[in-house]
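If you check TrEMBL, you get these features:
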DOMAIN    18-220  domain 'Major facilitator superfamily (MFS) profile'
TRANSMEM  20-44  transmembrane segment
TRANSMEM  50-72  transmembrane segment
TRANSMEM  84-103  transmembrane segment
TRANSMEM  109-126  transmembrane segment
TRANSMEM  146-166  transmembrane segment
TRANSMEM  172-193  transmembrane segment
Amino acid sequence: MKKFLLKIKIAVSQLPKTILFLLVSRFLISFTRFMVFPFLAIYLNTHTDLSITQIGFLIGLSPLASTIFGLIGGKIVDRFESRYVYMLSLFVNAIVLPGYILFSDFYTLSSVAVISGISWNLYNTCSQTVISLNTPKKQLVEVFSYSYWMFNLGGTIGPLTGALLASMHIEVLAFFIFSMVLTILAFLTPLLISKYNSKLNKKMAKSNTSIRSKVTNGML
């Protein structure tokens, strides 16, 4: 066990600070997101007058919007500097997330779900792009594996924490925690994600594209 932890420590210490920030962000976002969304249907059913059909539609609307927007999301990320699109996606989600508890109108909540879905698509696309731009080719598969592992770790712990908050009847707190985490990470983004518009990084990104596609296909 000690050898395994030592191996992890050595591997992590060799990663650029940008990648470490993205991995920690990946965990925190996954943790807080899974702390909220598994209980969103229950919350809407308890605190609004929406029908079960409407609630089901709202739950599915966000991933649907994310999937459809994915057809052009990559082009937007390629056109603008990824770290700022990454930061914007976090800010937008931080702003619209409290809408689930502030509004009860079906159409307003539908707008919240659509905006949230689009923002999550941009976040995922930017996260993959920034990792590709800042990771040496020989470490790319390993780093994407770490990213996938951090996502799953957050997805495991998040629902347990959400269930604990729900049992204490303070599940609303989860929404504000999620929003606060996104805001903090958004502010840290321009400080911890370096500007990568140099020819060297662009060349590295092109060479990493095929590997990134193979690793992230069906993963993120």
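Glycine residues also receive a Cβ, built from the backbone N, Cα and C atoms like all the rest.
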Checklist entry - Would the transmembrane segment (84-103) count as touching the transmembrane segment (146-166), if touching means at least three Cβ pairs under 8 Å and pairs must be 6 or more apart in sequence? => result no
Checklist outcome for this item: Highest Cβ pair tally under 8 Å against the transmembrane segment (20-44), stretches 50-72, 109-126, 146-166, lands on 146-166
Checklist entry - the domain 'Major facilitator superfamily (MFS) profile' (18-220): mean pLDDT? => result 84
Next on the checklist: How about long-range neighbours of the transmembrane segment (50-72): same chain, 6 or more residues beyond its ends, C-beta under 8 Å?
Outcome noted: 40-41, 44, 104, 106, 109-110, 113-118, 120-122, 125
